[in-house]
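**Q** According to TrEMBL, the protein carries these features:
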SIGNAL    1-20  signal peptide
DISULFID  28-34  disulfide bond
DISULFID  349-378  disulfide bond
DISULFID  428-450  disulfide bond
TRANSMEM  534-555  transmembrane segment
DOMAIN    584-727  domain 'TIR'
């Protein structure tokens, strides 16, 4: 018996926990994915079972993780606890989570990290610890047992120390992100224990430890991204006495600050990293005018960098920037150059001629104009260039632009979109090997023989073209989106076309002749253009359904009632709230249900109107003016009455009492917020029984004293005395 009792108690406790879990987080019921984010939880809900693989508890108010909280969730693979208030974790809280692959504890209040927490997380691949309040990682490594870790995010504004041994146990990381914006102490060799890091991002404002970190990473990191740094004037080598092979291939600076002095030293220092192939500067600031130490740069070794990307770099005095004379010898190995959104208005001709190996040049979103383009693309400049992007500049003349671009003998890909050309010449001379041309959104009114016949890809979208009749025998892809075309381009002049995009034009129909010749591989038309009748029919059906839905919602929630009452209220607002004393004709206006008319008319009216002195009552049946609008009758009667009597009963709230002619009397009376209402209860009635739209009547029932109609004759006499006293007050 006691065994059965024990089993029963265990089952009862289990059912109780499952019920608590369902109540705290309904999505956890019978599901592997348990999403409980942003629910105001202050603790991990009980009842978590082995079936749950994903548990999202982010954005709650959890402060503490206890040993038993996750004990049964043995199959958990993802645990999201970010943006809580977690300040303490029991040491064995994660002991049963051997299958956990992602743990997010970011943006909490953890003041320290314990290696014991992660001791049994053998499958963990992604760990997020950033945004807490710990100042260091301890004296040893918290991550020693995480052999499968792939990405690690750590650090915070208080994080200030990295010690040797902090990363012991980690051999490979795909991504390492460190918020070291206030990092003040870095022990040399701390990051050397990680043998390979594909991508490392570090926020670093302390420029004094920049070189120490780079020295530790040149053999392990493939892509290093440094943010928020004010680059130092580095005098010592970044590689010291290290020998190759170096691994770092890409270096990115974001939101960094450069000066003329620091950039000169940085260029010299980075040349020592012979594996470095790509440099990026994004959202950076350059203080200076280009007075770089070009002699020192020229004396240093040859650069191995092949790709430079500069995006949104701010040079405060860019119009005073020097022409970088002396840098010619440093650029002849460069293959790809992007300078975008950085106010570039020209490149000196002499400098342009030394980009002898450059294949790709992107100057989009700058300040290039035709006059300066003549200098930028002068004779013998950019001799190897194959791809050029000049989109979104200030070029105005297509004729001059083509003239300068024709100086690039090897060019085959050109983007000059988003320039305001306006006109297009009848004939143009382009580079002989041009195959890809983007002229979209350039305001050209038509296409002419200026378009080169060597093209394989042409984009003239967004130009208000009304026809397209060019003969382009090599063309394979044609983009005509957002024009004014009324018919397809002929098939014969473009026999090799395999892709045509012609959306958002004015095509109405296709003729058989338009499809003769070589088959068009792909025509991309919108649903409206292909099935106009079907789309119109669907729209009509949807509109009808929306109207039907609005009518149903309006009926359910009494929208018409509210609209009618609002209109009546607006009209009533224009009138005086109460008639002058000389115009008051009645002691009370009586609001009652038709089902209670026998008591009102035969009992109450007789008692009050035959009293001494008699009371004057206003009844809608008897005293409303025939032919007068019902709203005016109600308004006038209330205004000409000192009080309003409400005869409440079940009939009053459940039947036709809510008809419009009585609604307004309540509306007008309560809007004035006066004390003229007298409530008579013919029978017991709960305020909950009153329809919700009469919220003010419900409120007054909760605040005013009722006059209840008694069953006994002696009590009825007291009732009449009280009612008469209320009417006289």
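Note that Cβ sites are derived from N, Cα and C of the backbone, with glycine treated the same way.
A description of the local structural setting of each listed feature is requested, covering burial, neighbours and distances.
**A** For residue 349 (disulfide bond), the same-chain residues 6+ apart in sequence whose C-beta sits under 8 angstroms from its C-beta are 375, 376, 378, 381.
Long-range Cβ contacts of residue 450 (disulfide bond) within its own chain (separation 6+, distance under 8 Å): 398, 402, 424, 425, 426, 427, 428.
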**Q** Neighbour count, 10 Å Cβ-Cβ cut-off, for residue 378 (disulfide bond): what number do you get?
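**A** Looking across every protein chain shown, the total is 17.
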